[in-house]
Amino acid sequence: MIISIIIFSILSFILGVIVSLVSCFCKVKSNLSLINDIDELLPQMQCAQCGYPGCYAYSQAIVDGNENIYKCIPGGKEVVLKLENLLNKSDHRGNFLESLEDSVTYSIVEIDENNCVGCSKCRLVCPVDAVVGTYNFRHTVLIDSCTGCNLCIPLCPTNCIKKKIMFYE
């Protein structure tokens, strides 16, 4: 009788450990799915205006509970509403959606081509290839491609790269 109780207790403990491990692995998979769903809703500008290096990192922070869903400036009201719907959250920030005017700003960079020496440092560091030009010739920025990461600004030896504030329309 005692032996059967001991065997039953050991088997119950082992089964409990197995169930715990399986539930942990299933939770990770559902988190990855949720991270990917959130990432698909974001505009994929990799602008870092939310404080994260890219949209995927911001998605991970949202799922981990370390960040709120209201930091994607380029996404505007549309993305906030989609994220609220996906995560079943309502606007806990009061008038946040009303404060998102139609003229929300974002930043890009602009090169003063008259002062550009063509060193190509900006072109080489640009993560989205928004800077075009060849070595020893003037460079320019493709405004539609620039994400405003500003990685190129400190590298310019002539300080001809400036941040420019744009408005969403």
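Backbone N, Cα and C define each Cβ position, glycine as well.
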Of C24, C72, residue recorded by Swiss-Prot at the [4Fe-4S] cluster 1 site of C47, C50, C55: C72
[4Fe-4S] cluster 3 site partner of C146, C149, C152 (as recorded in Swiss-Prot), chosen from C119, C126: C126
List of residues, in chain order, with Cβ under 8 A from that of C149 ([4Fe-4S] cluster 3 binding site) and at least 6 apart: Q46, C47, A48, P127, V128
Local backbone state of C55 ([4Fe-4S] cluster 1 binding site), from DSSP in three classes: helix
Euclidean distance between Cα atoms of C72 ([4Fe-4S] cluster 1 binding site) and C126 ([4Fe-4S] cluster 3 binding site), Å: 21
List of residues, in chain order, with Cβ under 8 A from that of C72 ([4Fe-4S] cluster 1 binding site) and at least 6 apart: L42, P43, Q49, C50, C55, Y58, V79, V80, L83
Near-site residues: [4Fe-4S] cluster 3, ref C126, C146, C149, C152, CB cutoff 8 A to centroid: V109, C122, V125, P127, V128, A130, V131, V141, T147, G148, N150, L151
